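Report on the structure given below.
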Amino acid sequence: MQISKLVSTRAFDHHWILWQLFGMHPPKRKALWHRYYTIYSVVIISYCFIFIPMTLIGQALAATSLASICEAICVAAPDAFEVLKLANVWRIRDQLQESHTIFRQLDKRLSTRSERQVIHGTVRLAKRIFKATFVVFMILLATGIINIIISKDRILIFPAWIPWDYKKNGDVFLLTVIFNFLGLLMNALCALNNDSYPVTYVTMVAAHLEALSIRASRIGHDRELLERQHRQHLIECIQDHQLILKLVKIMQSTLSMAFFFQFFCTALAQCAAIFFLAYVKTNFSRTLHMIILIVAITNETVFICYAVEVLNQSGEMLSKGIYNCNWLSRPTEFRRDLLIMLMRSQRSTSITAAGLVSVRLNTIITVRIWESM
């Protein structure tokens, strides 16, 4: 991506493509399959996000031992919450699209190479996080397949209730495994999207805050500009800050419930997985499978807390950038406007989970406390 042709919303391309695959984002009317998209949406949602989660939950309810219940919960709980998070995406998708308009407005304000480099680097980082999360989920599915291959019994990738006897012969078992795998693959992609899009949106807001701090720190230092031009630059920075605060408000209203679902799901699934590993004797591949599952679930929470922590630090950088501008030699009117912007920049940009828990890096410790209770 060339820095001169920078577009912040490219960081979200993968997410909206997958949401289109999940039946959540209709293609343009000119697209060949637009007229059939509604039928496709009903089929894919019914199979992947209703039937498959029901088989996982059914297995958890039908389990007869504590070990099998824990193993089933490790998969059923995250999958059920992924469906809830996907439903939340359906609710907030218009607001997310609204944020794209604001991002494009902020892109037009980027005036120096250093500002563009900040946005460019964040877009690349977002894509890397997406790819890294994708690799983790694919490894998780791969270990499940390996476990099927080396197992002496006919088992599925994850414990699931199937309404027919899939163990009676090899052909039925193979078709069931394929049927189960395709549904779990879509659910894994759904989890990938649900876990990475909040991180991407929040880090892009943080990047624009950082770019604004760079721009604000340069105000008043160019001696060739007239006084009214310095003030105009300040007014533009204030306007950009208002747009960013609007983005923070959108992030709070759209991501709050997603964060809450994530924290609750992480605590529940980790407890079940760790109990299974501690008290159930099993083979190496199955143990590795559960360890990777724990890593995947934990990373979801770590990435979210990291992104919001970066957002808070970027807000602090803006305050420093405002203070570093050449305000000493500016008139009283300029300093009055600057002081108002400085005061607004010191407001917290933190995002809360369901209005209950402030999302920061130390929130991970809070999740651990939930697990120990």
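Glycine residues also receive a Cβ, built from the backbone N, Cα and C atoms like all the rest.
What TrEMBL says about a protein is an automatic prediction, not a curated fact.
The transmembrane segment annotation in TrEMBL covers 36-54 (among others).
Cβ atoms under 8 Å from those of the transmembrane segment (60-81) belong to residues 52-53, 158-159, 161, 187, 191, 261-262, 264-265, 268-269, 272-273, 275-276, 279-280, 290, 293, 297 of the same chain, restricted to positions at least 6 beyond its ends. If you look up TrEMBL, you'll see 60-81 (among others) marked as transmembrane segment.
Same-chain residues lying 6 or more positions outside the transmembrane segment (129-150) and placing a CB less than 8 Å from one of its CB atoms are 14-15, 156-158, 177, 181, 184-185, 188-189, 191-192, 195-196, 199-200, 283, 285-286, 288-289, 292-293, 295-296, 299, 303. The transmembrane segment annotation in TrEMBL covers 129-150 (among others).
For 170-192 (among others), the entry in TrEMBL reads transmembrane segment.
Under the heading transmembrane segment, TrEMBL lists 255-279 (among others).
Outside the transmembrane segment (291-311) by six or more residues, the chain places 74-75, 78, 129, 133, 136-137, 139-140, 143, 191, 195-196, 198-199, 202-203, 205-206, 209, 248, 259, 262-263, 265-266, 269-270, 273-274, 277, 349-351, 359-361, 363-364, 367 with a CB less than 8 A from a CB of the stretch. Per TrEMBL, the feature transmembrane segment maps to 291-311 (among others).
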